[in-house]
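Visitor: Pasting the feature list from Swiss-Prot:
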type: ACT_SITE; residues: H50; note: active site, proton acceptor
type: SITE; residues: R75; note: site 'Transition state stabilizer'
type: SITE; residues: D89; note: site 'Increases basicity of active site His'
type: BINDING; residues: Q151, S178, D179; note: substrate binding site
type: BINDING; residues: E153, D179; note: Mg(2+) binding site
Amino acid sequence: MNNDVFPNKFKAALAAKQVQIGCWSALSNPISTEVLGLAGFDWLVLDGEHAPNDISTFIPQLMALKGSASAPVVRVPTNEPVIIKRLLDIGFYNFLIPFVETKEEAEQAVASTRYPPEGIRGVSVSHRTNMFGTVADYFAQSNKNITILVQIESQQGVDNVDAIAATEGVDGIFVGPSDLAAALGHLGNASHPDVQKAIQHIFNRASAHGKPSGILAPVEADARRYLEWGATFVAVGSDLGVFRSATQKLADTFKK
């Protein structure tokens, strides 16, 4: 049986430096995720760090995206091999790893997604991703079809951006603007010049190592500026933000 995740088109698009416009999925609901999957985004982040998601909520969302052209990307709650292994087994193959500060942490993230001898991923012969054992070449194809995006959101991460970006197996560098702003002493103000300078520096250093860079930018002017700075995978909003804004606008139209 063929596995429709191979080849990984999102990974290939990143490697080719093709602009990929994405959206955040934070409502943890398969219907809202299915609607996002119909909108035409290149990729969607299913958030396991700041949204109320777990294995039981991720599976129906992956099912809802089965016919979508939007690539599902999971942001794991933490860079931990067992968590990553379980997410691999339920159907994810694109990973966003939060709060990576060193080359060693980047290497651990990569190793967690690779079968031995390249990594430490535990082996199950039957799970959702290999269609419960019916994909004959899954083991041969898996390692080279996993996407690892590491998130830089601290001063230490900025200081080590060159080593992180140069790590074999890291496919892209993602900036966490809110946590980065907090780490630089500007909590709640990612627009501060110091934060913007750090973001542009991260983009530049990622590019110097041949790696694409990305960011979450729900404000259009910010998203367009980051694209001009060279970011290629940009999430331009979230389901939660769009829902809140639209419902507030609708209520205001009739209540004011």
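Placement of Cβ uses the backbone N, Cα and C atoms for every residue, glycine included.
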Visitor: Between the recorded positions D89, E153, D179, whose Cβ has more other Cβ atoms within 10 Å than any of the rest?
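Guide: Most Cβ neighbours within 10 Å: E153.
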Visitor: At a 10 A cut-off on CB-CB distances, which of the binding-site residues Q151, S178 has the highest count?
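Guide: The residue with the most neighbouring Cβ atoms within 10 Å is Q151.
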Visitor: Any idea what the Cα distance is from Q151 (substrate binding site) over to R75 (site 'Transition state stabilizer'), rounded to a whole Å?
Guide: 10
Visitor: If you count other CB atoms within 10 A of each CB, which of H50, R75 wins among these recorded positions?
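Guide: Buried the deepest by this measure is R75.
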Visitor: Considering Cα atoms only, can you say which of R75, D89, E153, D179 is the nearest neighbour of H50 (active site, proton acceptor) among these recorded positions?
Guide: R75
Visitor: Go through the recorded positions R75, D89, E153 and tell me which ones have a CA within 10 A of the CA of D179 (substrate binding site).
Guide: E153
Visitor: Can you see whether DSSP assigns D89 (site 'Increases basicity of active site His') to helix, strand or coil?
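Guide: Once the DSSP labels are grouped into three classes, D89 (site 'Increases basicity of active site His') ends up as helix.
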Visitor: Based on Cα distances to E153 (Mg(2+) binding site), point out the closest of the recorded positions R75, D89, S178.
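Guide: Result: the closest of the recorded positions to E153 (Mg(2+) binding site) is S178.
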Visitor: What kind of secondary structure is S178 (substrate binding site) part of, going by DSSP in three states?
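Guide: It is helical.
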